[in-house]
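This report refers to the structure that appears directly beneath it.
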Number of protein chains: 2
Amino acid sequence: MATHELSQEQLDSIYTFAVDLGRKAGQLLLESVEKRIGGGEGQLFEEKDSAVDIVTQTDEDVESFIKNAIHSRYPTHKFIGEETYAKGQSRDYLIDEYPTWCIDPLDGTVNFTHIFPMFCVSIAFIVNHRPVIGVIYAPFQDQLFSSCVNRGAWLNEKRRLPLIRNPTIPPMPANAPGKCILSCEWGKDRRDIPDGNMYRKIESFLNLAAETGSRGGKGGMVHGVRSLGSATLDLAYTAMGSFDIWWEGGCWEWDVAAGIAILLEAGGLVTTANPPEDPDTAPIQDVRLGSRLYLAIRPAGPSATESGRQTQERTVREVWKRVRQLEYARPGA
Amino acid sequence: MATHELSQEQLDSIYTFAVDLGRKAGQLLLESVEKRIGGGEGQLFEEKDSAVDIVTQTDEDVESFIKNAIHSRYPTHKFIGEETYAKGQSRDYLIDEYPTWCIDPLDGTVNFTHIFPMFCVSIAFIVNHRPVIGVIYAPFQDQLFSSCVNRGAWLNEKRRLPLIRNPTIPPMPANAPGKCILSCEWGKDRRDIPDGNMYRKIESFLNLAAETGSRGGKGGMVHGVRSLGSATLDLAYTAMGSFDIWWEGGCWEWDVAAGIAILLEAGGLVTTANPPEDPDTAPIQDVRLGSRLYLAIRPAGPSATESGRQTQERTVREVWKRVRQLEYARPGA
C-alpha cells in the first residue's frame, strides 16, 4: 500500500482540507476574472495593467494563498508549486517519498486570459511518489473534480466518476481507437523543425483521426478530436469518461498530478505516451509522474470477453501503434 | 433594416419565448443524460438500449418538442430542423425571407454520447435571411447564450457579451493571428484523400499554429488551438470573446444560425472561410448562412490607430493568407 505512513482517517481529513482549499483558490481566480468583466462592481483597471500582468499577478497570488494555507495546517509537508519552479533555475524532479503537495494555481493560463472557461486550480497530495488525493476546480463553470484513495472520484462531490454507469461502466470499444474521443493538445512548442515535436504530434493526431485502415494501416478513425488547452482538465474529463484517450507530451508534474490521482481512483489507466519497440507485447507500466509523457485511458468496465483492464490495455497498444516518439527531456531524467 | 416586417416589440416577445424554449429543451437533454448516469433515480436501461439509440431518440424527441411549441405559438412561422432535414432526401437551402425558425435540438452529438459537457440546443429565428434571434443552451454547465437584434448578446441573461470590457473591449491583436485563440474542428470527413478536405484543414491549422514566419512566411503562431466538437458552441465562445478566430467548413445552417445571430449582435464578424484570389484587397462580405464555409472573428474594440471593425478585417485577411480552399458543395448552391 502506497500510503502506509498515513491512515485512511488522516487521508480523509487531508482530502476535506484540499477540497475546501480548491474551492477557495478557485474563487480567487473567479474574482480576478470578474475584474476584467465590465458592467458593475469591479474596479476599473488602469490601461497600463495589461491582461498579462493581471494573469501573472493572479497566478502568484493564488499560489501564495495555497502555499500559506498548507504551511499553516501541515507545516511538515513538502510543497511544490508551478510558480515556485518557474522562478527557480532548475526543473529537477523534486518529488520523493515524503508527503508532498504538488499544485498548479492556474492551469489553462491562456484560457484564463481569454476567459474561456476551461481554466482551473489543481491540487495534488502525493505520498511515496503516488498522487493519493486530487482536487481540480474549474470555477467559471463551477465544476469540482476530486478524489481520495479508497474513497472514489467525484464531480461536485455528488456524482461518482466515471459518470456513465447505467446499466454498467462501458468497456473500451472493441475497435478502439475507433469510436473513441481523443483528447490532445497542440502545446506551446510550435517551432518549425522538420520531424520536431510539433510535426510528430500532428502526424500522430492524423493517424488516430484518419479513416480506419488508411495511412498505411495506421488509420484509427476516432469519433472525435478535442483540444481544451488544459492538461489538467483533459485528465479530469478522461476520469469522467467524457474522453476515452488522452495522449500528450511536455507537461510537468503540477499539470498532471491531481488529474492522475482522480483518474486512477476512478479506474483509469495512465502509462507513457511513447511507444515501446514492440507495442504488442511490451509491459504496460504505470506512468512516472515526472516523465513528461502521458497516455491516459478512461475507466472501463468488462466486455463479454475481456476485463475492463484488458480493454484499456488493448487500447494502449493500438494507440502506441499509431503515434510517434516525442522528445521532452528534463534535467535529471 | 432587415426586420422591417416585425416590430421590436414583436421581436422582444419572440426572444422571451425562444429563451424559455431553449431552457426547457436543454432540460430534456439533461434528463436523457441523467438516465445514463448511475446512482439513483434513473430508470435502469435494458442492455439492448444502446447509447446510440438513446441519443437518436433524444434528438428526435427534443426536435418534436421544439417544433410543437413553435407551431402552437407561431403557426404561420416556417420551421427547419436538423432532424427534419436528416430524414428527407434533400439538403437544399430552404430559408427565404419569411419568418423562419432554424434549430438543432442537439448540437455536439458525439459529446452528448460521451457526456462531455460541450453539447447544446440551438434555436435561431430568421427574417429576411438574417438570424435576428439566437438562443444556445448548454445544460450540463448551465450556460445560456442569447441575443435579440438591438438588445445585445448575453451569457445567462445577465453578463453582456463579449465578456472582457474593462477598461474597454480589446481590439484584435496587432500581430493577429498571433496572440489569438483559434477555434477549429477536425470534423467528420476524415477520408484519406490526398489534398482532400482533411489534409487542407490540417495544413491550414498548421499554418496558423506554427511559429511566426515559418512555413514559407505563413506561420501565424496563434496563442492556442481549441477544438470542442460543437460548431454552435465554437460560435458562442467567439461571441463571448473567449475565442478570437473560428475557421470551419462543412457545417449546415442549423449548426450556425443561432451562433451567428449571437456573434453579430455581440459585435463579431462572419465571412467566408475560403480565401479569395487577392486576400489583401477582396471585399469582406457578410457570410451566406447556407454557404457551409465560415470564418468568424470575435467582437473587437478600437486600437489607437484602427476602429474595431478594421482590426477584425485585418485579421480576416491574415487568416485568409494562411488557409486553404475547402470543398463543401451543397445541392442548389
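Yeah, the Cβs are placed from backbone N, Cα and C, and that goes for glycine too.
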TrEMBL Mg(2+) site partner of B:ASP104, B:LEU106, B:ASP107, B:ASP255, selected from B:GLU63, B:GLU82, B:GLU83, B:GLU277: B:GLU82
Coarse DSSP state, helix versus strand versus coil, of B:ASP107 (Mg(2+) binding site): strand
Among B:GLU82, B:ASP104, the most crowded of the binding-site residues [Cβ within 10 Å]: B:ASP104
Nonlocal residues around B:ASP255 (Mg(2+) binding site), in sequence order (Cβ under 8 Å, 6 or more apart): B:GLU82, B:ASP104, B:ASP107, B:SER122, B:ALA231, B:THR232
DSSP-derived structure type at B:GLU82 (Mg(2+) binding site), helix or strand or else coil: helix
Extra residues within 8 Å (Cβ to Cβ centroid of B:GLU82, B:ASP104, B:LEU106, B:ASP107, B:ASP255), Mg(2+): B:ILE103, B:PRO105, B:GLY108, B:THR109, B:VAL121, B:SER122, B:THR232, B:TRP254
Packing count at B:ASP107 (Mg(2+) binding site) (other Cβ atoms within 10 Å of its Cβ): 29
Close in space, distant in sequence - B:LEU106 (Mg(2+) binding site), Cβ under 8 Å, 6 or more apart: B:LEU29, B:VAL55, B:THR58, B:ASP59, B:VAL62, B:GLU82, B:PHE112, B:PHE119, B:CYS120, B:VAL121
Mapped DSSP class for B:ASP255 (Mg(2+) binding site), helix or strand or coil: helix
